[in-house]
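Visitor: Before anything else, here's the structure in question.
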Amino acid sequence: MCAHAIFDHSVSRPNEGPPVSHSGGREPAVSLGLLDATMVGIGAMVGAGIFVLTGLAVDISGPAAIVAFALNGGVTTFTALSYAELAAAIPRNGGGYAYVREVFSAPVAFVMGWTRWFTYMIAGSLYALGFASNFVEFGHIYGYALPGPPVLYALGAVVTLVALNALSTEASGRGETAITLLKIAILGVFVAFGLTAADAGEFDPLFTEGPLSVLPAMGLTFIAFQGYDLIATVTEEVENPQINIPRAILLSVAVTVVVYLFVVFVAIGTLGADGLAGAGETAIAQAAEGFMPTFPILGTGAALIAFGAVFSTVSALNAVVIGSSRVAFAMGRERQLPARLGRFHHRYGTPLVAILASAVVMLVAVLVVPIRIVGNLASLFSLLGFIIVNYALIRLRRRQPNLQRPFEVPLYPVTPILGIVCNVLLGLFIDPFTWALAIGWLVVGGGVYLLLSRRGDVGPAGPTEIQEPEPIESTEGASD
């Protein structure tokens, strides 16, 4: 297939307006407000990444790990701005996949959807494993040796949250908000006590492993900045999405970057780079043990942080269960995956089949993929997806300059171009084995796409011109 055919539309579709119900399903219900949407993003970002990967990042780059987190915040902001503009212009479930679907042809959209779906699923396994390690650590603090291997608790967390999301989007969204507010409060306590105990001398020298060591640390921890994009996957379930989705994306990024920088500063400044590197996945809890006081009920500061880590990883896992299922739903609705994935259950009002399909991959990854590889895979696929989204913004601006855009990226085209360049550079510093696994997943996706194409199940390319977005209204959604 020639490049023009791949990147341009060969077939146009009429304006679809709000999502179309499928046989045996119903339209998504509007049940999430601005706070709920923002908490989906913060819940996904401030999760396993900051608790599980901080020690691993310090092991790679020493005290300069804080530079890696700061630079990742800047890189993330470029792409977050692109997501905000596209979400306002194309208010549909599916996030980056939905935008690429409207701008590029079916093959490119499939690659985007296939990689984003995998990103969320593999991130789910990371959060589940992070939950398990912190849950076991929580027991150890109180002198309890929990029975069975940690992987059993990771599997149990996935199954529990899949069941919750299968039964009710509103319940999972409200739970996400409550848990996220709790963990932000706990990290705030960690920072409040730690700032007085932190020693700035722990950052001198800063680049103990060399300046270039920051780049692989950025590649490893970039998954901790992936989460705001999950907000866009539930666009059709958010009130006033053309206003609230951009606001939620930018708020979630701002809050997360500030929290990360304070937490990493305190962790390195109190436990030191060598101590954090040796602590591995429980680095933040062990750092807290040295300076936090005793608290009622919970006891030591380490117990409070371990408690927060447990809830952080739970909320992050819940967020990616939501996000992965909505990408699969969007692809099924567009006939780029089996149509059953693109239906909301007539009784529960959730994409039940898409949730279950996503859960299967998460469970397998929990069982067979080491946590460091999981982190690198999730980061790599995030980078690839963000490159495509930034390019989609540029392409849409050129093709439809007069399209209504309730939010516009500042300093265009510099901002999306910087997003592309930074994401490409980070991807180059991810290890070859992770790239090999990523290519393997793309090959599997190519086989799926060819199979669906031969069966005539692949939908047409996106429209040549995007219609002005219409407000998305809630439906009671009786079955068709």
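Note: Cβ is positioned from N, Cα and C throughout, glycine not excepted.
Note that TrEMBL annotation is computational and uncurated.
From TrEMBL, for reference:
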type: TRANSMEM; residues: 37-58; note: transmembrane segment
type: TRANSMEM; residues: 65-84; note: transmembrane segment
type: TRANSMEM; residues: 151-168; note: transmembrane segment
type: TRANSMEM; residues: 180-198; note: transmembrane segment
type: TRANSMEM; residues: 210-228; note: transmembrane segment
type: TRANSMEM; residues: 248-268; note: transmembrane segment
type: TRANSMEM; residues: 302-329; note: transmembrane segment
type: TRANSMEM; residues: 350-371; note: transmembrane segment
type: TRANSMEM; residues: 377-397; note: transmembrane segment
type: TRANSMEM; residues: 409-429; note: transmembrane segment
type: TRANSMEM; residues: 435-452; note: transmembrane segment
type: REGION; residues: 460-480; note: region 'Disordered'
type: COMPBIAS; residues: 467-480; note: compositional bias 'Acidic residues'
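Show me how these features fit into the shown structure, please.
Guide: Remote same-chain residues near the transmembrane segment (37-58) are listed as 65, 68-69, 123, 126-127, 129-131, 133-134, 173, 176-177, 179-181, 183-184, 187, 217, 220-221, 223-231, 234, 238, 244-245, 247-249, 251-253, 255-256, 259-260, 263-264, 267-268, 273, 276-285, 309, 312-313, 315-320, 322-323, 371-372, 375 (criterion: CB distance under 8 Å, separation of at least six residues from the stretch ends).
Note on the transmembrane segment (248-268): residues 34, 37-38, 40-42, 45-46, 50, 54, 58, 63, 65-66, 69-70, 73, 76-77, 80-81, 83-84, 87, 184, 187, 190-191, 194-195, 197-198, 202-203, 224-225, 227-229, 231-232, 238, 276, 283-284, 287 of its chain, located 6 or more positions outside it, place their CB under 8 angstroms from a CB of the stretch.
When Cβ-Cβ distances below 8 Å are used as the criterion, the transmembrane segment (350-371) is approached by residues 52, 117-118, 120-122, 124-126, 128-130, 151, 154-155, 158-159, 162, 165-169, 281, 321, 324-326, 328-329, 332, 340-344, 377 of the same chain, each at least six residues removed from its ends.
Outside the transmembrane segment (377-397), and at least 6 residues removed from its termini, the chain residues within Cβ reach (under 8 Å) are 78-79, 82-83, 85-86, 89, 96, 99-100, 102-104, 108, 111-112, 115-116, 118-119, 122-123, 126, 219-223, 226, 229, 369, 403, 409, 412-413, 416-417, 419-420, 423-424, 426-427, 430, 434-435, 437-438, 441, 466.
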Visitor: For the transmembrane segment (409-429) and the transmembrane segment (180-198), decide whether they are in contact, meaning at least 3 CB pairs lie under 8 A, counting pairs 6 or more apart in sequence.
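Guide: Since fewer than 3 Cβ pairs under 8 Å link them, the transmembrane segment (409-429) and the transmembrane segment (180-198) do not come into contact.
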Visitor: Same chain only, please: residues at least 6 beyond the ends of the transmembrane segment (210-228) with a C-beta under 8 Å from a C-beta of the stretch. Say none if there are none.
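Guide: Hits for the transmembrane segment (210-228): 40-47, 49-50, 53-54, 56-57, 60-62, 64-65, 67-69, 71-73, 75-76, 80, 83, 119, 123, 126, 248-249, 252-253, 256-257, 260, 316, 319, 372, 375-376, 378-380, 382-383, 425-427, 429-431.
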